[in-house]
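Notes follow the structure.
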Amino acid sequence: PRPPHLVSARPSPPPSPPPTSFASSTRRPASTTPIQKATGPPAGKGANVRAALQGRRGWGWTPGSQGGGAGGSNFTVLSVESKDSCPAPPSRPTPPTSHPGKDTVIVAKVNGKELQGKPTFKWIKGKWLELGSKSGARFTFKESHDPASNVRTLWGRGGMGARAGGCTGPASQKAYCLRQRETLTSSPRGGPACSPTLREVVEEENKKKKKDDDDLGIPPEVWELLKGAKKSEYERIAFQYGITDLRGMLKRLKKAKVEVKKSAAFTKKLDPAYQVDKGNKIKLVVEISDPDLPLKWFKNGQEIKPSSKYVFENVGKKRILTINKCTLADDAAYEVVVKDEKCFTELFVREPPVLIITPLEDQQVFVGDRVEMSVEVSEEGAQVMWMKDGVEMTREDSYKAQYRFKKDGKRHILIYSEVTLEDKGRYRVMTNGGQCEADLIVEEKQLEVLQDIADLTVKASEQAEFKCEVSDEKVTGKWYKNGVEVRPSKRITISHIGRVHKLPLEGIGRAQLPSLKLPRISALPPEPPKIHLDCSGKTSENAIVVVAGNKLRLDVSITGEPPPVATWLKEDQVFSATEGRVRIEQREGSSSFLIESAERGDEGRYTIKVTNPAGEDVASIFLRVVDVPDPPEAVRVTSVGEDWAVLVWEPPKYDGGQPLTGYLLERKKKGSQRWMKLNFEVFTELTYESTNMIEGVLYEMRVFAVNAIGVSQPSVNTKPFMPIAPTSEPQHLMVEDVTDTTTTLKWRPPDKIGAGGIDGYLVEYCVEGSDEWIPANTEPVERCGFTVKNLPTGAKIVFRVVGVNIAGRSQPATLTQPVTIREIVEQPKIRLPRHLRETYVRKVGEHLNLVIPFQGKPRPQVVWTKGGAPVDASRVHVRTSDFDTVFFVREAARSDSGEYELGVQIENMKDTATIRIRVVEKAGPPEHVMVKEVWGTNALVEWQPPKDDGNSEITGYLVQKADKKTMEWFTVYEHNRHTCCTVSDLIMGNEYYFRVYSENFCGLSDLPGVSKNTARIVKTGITFKPFEYKEHDFRMAPKFLTPLPDRVVVAGYAAALNCAVRGHPKPKVVWMKNNMEIREDPKFLMTNYQGVLTLNIRRPSPFDAGTYSCRAVNELGEALAECKLEVRGEDARPALHPAFEPLRAPGGPCWAGLGSEPGRPSGL
């Protein structure tokens, strides 16, 4: 494919653009076409390079640093593609200078004589953002075409002063957006070559530039931006600011010392730009260094307040602004301010493409007909562009071509009231989502004679009337007698009504018949000129009133011989225009004054003056133009309430020439396109109160002025306002505490807060006898309590509290009685909670946490005792504040049970309370479980209560049975209150064992009591007499076969304690350290393998040293074995036996031994 042809229009070139980039980017063969004369950029350093570029059918210059907004200078690139040759250079646009808050206009012209077809244009801002007709209200793009010179002119208007950035505008048949480093090549098919000596010129410039390699023509502010940017952003910044020598820029950045200036307030700033589809929501996220710093959001310089539209979120150090249901009104610049630092971004709201539902249709009409060409689009209120034969049709040109536009919902209509031959052509409607075309064919209407002139025969002195009818009522005709035109006179009156033309002749006689012949002109006597008006003469006054926009045609009949000459004057100026909106038409026997579309400036006195050799005549006409009034001025909202707002305005400066009859008012929600009428009858006052509004919603209002002609254009919308009301007064204001210099107040929030929320409270006080209220706090407090300090001792002061929100202060809540500033002595009193007035029961291992409030002033002294002695500080932790005391035990034990006494004392005043605490655990197993009696299939089982009831009452027993053959246990009784029970329904021939669990507050005991004898259910009629023998008694009390030896181990190496025990029944083994049982602890591992007991200690530390004991218990007795364990540091390892000397490693000692290998428990 052929290369695109670049036409770039960029503002204000710097004095020395870098030429090295063109040399590196030129990739075309040399040619012999001479360089054309440079007419674009100014001469100076690198002028020959620019001249060479202009010699190529595309040209451009590097942007400077002009422009007044954040982000640098404005930058525009326009690229055009042709398929066979390079387009002619465009006219150089005037370099724009944008100022904050003002529009910037960029104009470029493209010569399309060498283009095959019409190009299409796209405007691009920065590197990627495409700007279209619906990219926001700030940007407007137009295009016009001059068919004579075949030059296309592009206008780009945008409010870019405050948000300057890179803008490019490519225009191509197949759209291209080229970077600056891309250059044009010559035509590959033998077309005209473009700047053949460009390479030689560039090489010559490179030699001159080597001496000043560091000076790349980049402004200092751009260098500062590059130093603080990331490497990934270098290319974007270079493209935005027109830096083409990327290699030289990178070399200089590498040499420079990069000092990144870190923000003190922001750790993460906003992105340069955001884009969102219309109707969606977007989140703007910024991260600050200190979460306590105040932060404000601004939109186009106006502070954003929280509402349903704008939602503020605080997540850690992140501050998030969520914009819901984005509209075109949200397309703006946003700013975040923290202290003195700011960061900016731009939000672009992109509308969905507008599709054409019902396209245009071809029409064939006659001249003078009314024509309506309509198209229906997919979205109401969408913007469309009408074009006729490739030229845009605008409202500014509508008065010339006599057309107008109309919108009816989704339908867009082009209306011609009276179509002419010039209106025929091809019409096109374009949207951002499609286009459609149709032809309008206008033809001349053929004139037909419906009724011809008939021959008449009348009697003398009677009236004769000739009449004819034609097909067009607008056609004017002329009457002839014997080939001579008939003119009106006293006897002859010519009439034209609709399509009928009449010529009446009165009083015809024989003597008059010869007078009908054509007389000689020389025989006619001179006749002074005469103006035929209702009021004529120099002193006459004739007024005509016309409505602005209507057509005025004033036909004045004049007579005289010879025919007089008519002259029109407006005031004292002669008016002689015969073309245009206001013109004069001269006809034989009349002079016409036409105004196509009356305007205010047409008002005045018009004079017609007719002269001939016989004299002159003059008539004056005063033309009065009436119109709808101008919009009202200074429309503003003066005050708002909960659901109302007061609107005030001033009358318009121009009332349209008619007295004002009143005003019409409308309002809408901000961001909505739907206006709601507030009055249907005109309102005559200049102040209006709008009601029935929703609190917390932003509204806008506007006013129309009305006179007898019609309704004016709407006034400028008011600034968005929000109906909101202050909160109601705070509730239940009371005094919580008083000292010699302070008073503590507390209150409850207002009953009614409203949509405005509440920002805080202000506290004020007034000394009794004075009317001055002194503020106690300058900033509102959020909590419902405040301590007023530095008050005079002994004074009587009245306090009040007001709520504050965005709408202002609420009504105050005032104390009914003044407060005397003096310390109040209050007796100590313990407010014992209800659950502590009875015995407080907890399980072993659970924590004890008692919070007991008390009162008293000044702060009382709190003492805890148990049995008259202070509590053990190693087990009990006590914390006391001004209002309560906390009794805390991390793990409760049985020893913590008892009565505790709490004492609260102020000087000689004292109050005490007793708290009873019981720490319980599971009970022991029942004792002496025996089968006392067996009869039939029943057995009587009895037992004794357990020795240890777990410090809690025994609430019942669980009884189970098991067949001696299977030894599967089944529950017989639950919650049995007695120490005996009868087990029934036993199976005959089986022998049963029984076991019993005790139950208390903590549940069932861990071990049951098992019956020593069995219950044998004998079959009836069969008696078995067993062999009598003496059974050997294997039972024995526990006895340690191998005692526990004392051990010395090294810290960090696993250790094991071993012993062996024998006993029957199998004894229960308990390991203890310093007489404290070792429970479930991952540091210790206890094993019992056929009487061999092992306690493994994982990586012991000096803290694990102490006396370890092993207790074995069964029903016949118990045995105890003890040893001492000493843990030494790693530096205190014992010397190795000489037999292990060969095991010593070359680099240091090697440790070996039984039961002390690191990480592995040892055995016996």
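Just so you know, glycine gets a Cβ as well, placed from its N, Cα and C.
Quick look at what TrEMBL annotates:
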REGION    1-103  region 'Disordered'
COMPBIAS  11-20  compositional bias 'Pro residues'
COMPBIAS  87-98  compositional bias 'Pro residues'
DOMAIN    353-448  domain 'Ig-like'
DOMAIN    519-619  domain 'Ig-like'
DOMAIN    631-727  domain 'Fibronectin type-III'
DOMAIN    729-824  domain 'Fibronectin type-III'
DOMAIN    925-1020  domain 'Fibronectin type-III'
DOMAIN    1038-1126  domain 'Ig-like'
Query raised in the report: In the domain 'Ig-like' (353-448), how many residues does DSSP assign to helix, to strand and to coil?
Result: 7 helix, 49 strand, 40 coil
Requested in this report: Determine how many residues of the domain 'Ig-like' (519-619) DSSP places in helix, in strand and in coil.
Outcome: 6 helix, 57 strand, 38 coil
Query - Secondary structure tally of the domain 'Fibronectin type-III' (925-1020) (DSSP, helix then strand then coil) - result: 0 helix, 52 strand, 44 coil
Report summary line: Model confidence for the domain 'Ig-like' (519-619), as mean pLDDT, reads 79
